[in-house]
Amino acid sequence: LTFPLLSVTLLVSFGSSMLYGYNLAVVNSPAEHIKAFYNATWSQRYGHGLGPAPLTLLYALTVSIFALGGLVGSLLVGVLVERYGRNGALSRSALLVLLAGGFMGFSRELGSPEMVIIGRSITGLHSGGCFLGCAQPLPHGSVPYSHSWGDGEGFVFPTGSNLRGFLGLMPSIFICLGVFSAQVLGLPELLGKDRFWPLFLSVVVVPASLQLLLLHCFPESPRYLLIERNDICGATKALHQFLGSPDVQDVIEEMKEEQRSLSSMEVVSVWQLLRDRSVHWQTLSVAVVNAGMQLSGIDAIWFYTNTIFENAGIPASQIPYTTMGTGAIEVVAGLIGCFTIERVGRRPLIITGFCAMGVCSAGITISLLLQAALPWMRYVSVACVVGIIAGFCMGPAGVPFLMTAELFMQSHRPAAYIVGGSLNWLCNFTIGFIFPFLQMSAGAFCYLVFCGVCLLVALYVYLVIPETKNKTFMEISHIFA
């Protein structure tokens, strides 16, 4: 893993995965300030404030609209990458973030809650196109290594190499760092005050600007240059810079072979994928793990951490620091998963992660029910939240994306990513929108929903999905059969 290749991987992850994590958690700390702004603006416009239910509805829309933008972005990214390449698609996505930052940063000055909602939707559009589209499959797969993965379906990672799992989980590390950054900046001593919340939301322009400036220092994806543009000279120059070796002819020949393979291969549509009985169980598995990843309750934790701790009885003055502590543990758990995936495999990490999340979700319910009689149960609630975050970051955070690539041949992979990504964003929106109402109606029992989802997904993975570490597509397909 050469320095230029590592640098571009880190740059793309910084401006995509980290930004995605930041946008997940940035609405948590200033929630009350944003609600107060909405209420005051409504009162100025119509002469009366918003009731609790309409205010909750408006704020839930602000939180969850990010996921709807992400869904649209994930569906458009293929067109952008095909037309402009990886660097071009990332640059245009970064420009969207600058626009979103302007909307959110000036929303209070212009007295417009609509600008906050529009800004959130645009950041989602960027994350959908950048994180799940450009950051996930392209940088790590765009520079082929010495062997193809599987039976020549595509150059992703060499079988047996620890890079396949390690780099596959790298985006999840940056998601954790993004969440932690939002929690740190949300402290009262920094941007957690009422007058700073527009600036807090618009900080997203900083990493986007850096990515926009630095992307021009790196060449375009060699794989895109050769396969899509048929630019052998450009691909050779890019490989020289990325691999740091003057002899890249073997790699060029591999990409040419892939180009010939792709030209004779028909890429299936989503509808064809859903109707293909030969990959029925693989498609169902992708749907289960991607939907389960978002329905596990992790989005509720990220979006509404402060509210959860407030309901658990944590003193208001301690909540920002407790939240930041959970973010630090989240980063550590992500690193553990990243460095152990090739040792223990995909299945143990994802099964253990979902089981831990399920048990801890049930633990939150029990602690909330008993905290009136046992005040110390509030700390059990905190421990359970930490357990949910740690369990998620060690496996479910990144393994579903990695498994989506490993369960399908190249012809089916794009459609599988669309299915998994769409479910991912739809479930993200669902949890972000309904959780406040679920919490109001079900109280402490709302976490049992997440408990059931986590345990059912863990059981499905245990019974159906094989271990994919160091296996080709044909071997995995044979196990499913």
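A Cβ is built for glycine as well, from the same backbone N, Cα and C atoms used for every other residue.
Annotated features, as they stand in TrEMBL:
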DOMAIN    9-469  domain 'Major facilitator superfamily (MFS) profile'
TRANSMEM  57-81  transmembrane segment
TRANSMEM  166-185  transmembrane segment
TRANSMEM  197-218  transmembrane segment
TRANSMEM  349-370  transmembrane segment
TRANSMEM  376-403  transmembrane segment
TRANSMEM  415-438  transmembrane segment
TRANSMEM  444-465  transmembrane segment
Among the ranges 57-81, 349-370, 444-465, the one whose Cβ pairs under 8 Å to the transmembrane segment (415-438) are most numerous: 57-81
List, by number or range, the same-chain residues at least 6 past the transmembrane segment (376-403) whose CB is under 8 A from its CB atoms? 132, 136, 164-165, 168-169, 171-172, 175-176, 285-286, 289-290, 292-293, 296-298, 301, 305, 308-309, 312-314, 322, 325-326, 329-334, 336-338, 341, 346, 349-357, 359-361, 363-364, 366-368, 370, 420, 465, 468
Grab the pLDDT values for the domain 'Major facilitator superfamily (MFS) profile' (9-469) and give me their mean, rounded. 81
